[in-house]
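A.B. asks: In case it's useful when we look at the structure, here is the feature table from Swiss-Prot:
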- Glu12: active site, proton acceptor (ACT_SITE)
- Gly77, Val174, Met194, Glu195: substrate binding site (BINDING)
- Asp218: active site, proton donor (ACT_SITE)
Amino acid sequence: MTVGVFAALGEEVARVRECLGGVGTERAGLTFYVVSVGALQVVYVCGGVGKVNAALCTQLLISEFGARVLINTGIAGALDERLCVFDVLVSVDAVQHDVDVTAFGYQKGRIPRMDSVEWTANTALRYLVREAFDLCTRDPEWTEGACALSGSGDPPSRVSRLVEGRVASGDLFVSDAQTRARIIREFGAHGVEMEGAAFAHVASVNGVPFVIIRCISDGAGAEQDVSMSYKEFSTRAARRSALLTLRVLERLSALRTSVVASLFPMVVV
């Protein structure tokens, strides 16, 4: 079985490359790294920021490399008050907060001719992420540099938290309270970033199970200076997301073929 891993930024995939290596293959000006992890073939790519780049990479992972399970790893801004810097958001579903065709009677976020606003993540993959997270929290590399979101009142040593919820994506970096409040009000999202929903859209229309893993890097406009928070925490948050992704790959590689077939019935193994 081939698992595709997409990240937007170099720091979001750096730890994966350190651990897995792989042979680079060029497609559309991007380098896709192919490597065996147990019985799995893993293909991972740093594809660039934004929804178009996410869609491009996701389709290439499916069409060119035969990915039958997809993981999007990276960082996000927190919209849920339970989430602090270095906590983890795992997608229940994903929406595009910058799509607006309401002038023609469509619900905010809904693309014409699509059945719904949201793209739903695979339940079995979410379970594997939760299992992997439990393992990560016992890893010294994971706990190094733990810190709560500035102003939250939580001590720097607080235990990392995993929250499952809605990921909202759009082609803008959310850094002001007004935009933040709008996304929460209109979509009930738990975190915001710039790629996940496009990744989820392409995975879904191809019938490929997916999950989005996001480590929180900032408060998406909740703090006084979001750019300062992002610059300070993004690299470490990205590393955590990559560590969690590696653990998920380990869990997937340990599954028997019969188990994979039962968990992902549409997957050819």
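Note that Cβ sites are derived from N, Cα and C of the backbone, with glycine treated the same way.
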A.B. asks: Do any residues at least six apart in sequence from Glu195 (substrate binding site), in the same chain, have a Cβ closer than 8 Å to its Cβ, and if so which, in order?
C.D. replies: Phe6, Ala8, Val49, Gly50, Lys51, Asn53, Ala54, Asn72, Gly74, Ser169
A.B. asks: Given Asp218 (active site, proton donor) and Gly77 (substrate binding site), what distance in Å do their CA atoms have, once rounded to a whole number?
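C.D. replies: Just about 5 Å between their Cα atoms.
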A.B. asks: Applying the rule Cβ within 8 Å of the centroid of the Cβ atoms of Gly77, Val174, Met194, Glu195, what extra residues of the same chain belong around the substrate site?
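C.D. replies: Surrounding the site, in chain order, are Ala76, Ala168, Ser169, Gly170, Leu172, Phe173, Val192, Glu193, Ala220.
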A.B. asks: What is the number of other Cβ atoms found within 10 Å of the Cβ of Asp218 (active site, proton donor)?
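C.D. replies: Neighbour count, Cβ to Cβ under the 10 Å cut-off: 29.
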A.B. asks: Including all protein chains displayed, how many Cβ atoms other than that of the residue listed as 'active site, proton acceptor' lie within 10 Å of its Cβ?
C.D. replies: 28
A.B. asks: DSSP on Gly77 (substrate binding site), three-state: which is it?
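C.D. replies: In three-state terms, Gly77 (substrate binding site) counts as strand.
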A.B. asks: Taking the Cβ of Met194 (substrate binding site) as the reference point, list residues of the same chain whose Cβ is under 8 angstroms away and which are at least six residues distant in sequence.
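C.D. replies: The answer is Ala8, Val49, Gly50, Lys51, Ala54, Ser169, Gly170, Asp171, Leu172, Phe173.
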A.B. asks: Specify the secondary structure state of the residue listed as 'active site, proton acceptor' as given by DSSP, simplified to three classes.
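C.D. replies: Once the DSSP labels are grouped into three classes, the residue listed as 'active site, proton acceptor' ends up as helix.
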A.B. asks: Roughly how wide, in whole Å, is the group Gly77, Val174, Met194, Glu195 that binds substrate, by largest Cα to Cα distance?
C.D. replies: 13
A.B. asks: Which secondary structure state does DSSP assign to Glu195 (substrate binding site), in the simple three-class scheme?
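C.D. replies: The residue in question, Glu195 (substrate binding site), is coil (DSSP, three-state).
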A.B. asks: Kindly assign Val174 (substrate binding site) to one of the three DSSP-derived states: helix, strand or coil.
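C.D. replies: DSSP assigns Val174 (substrate binding site) to coil.
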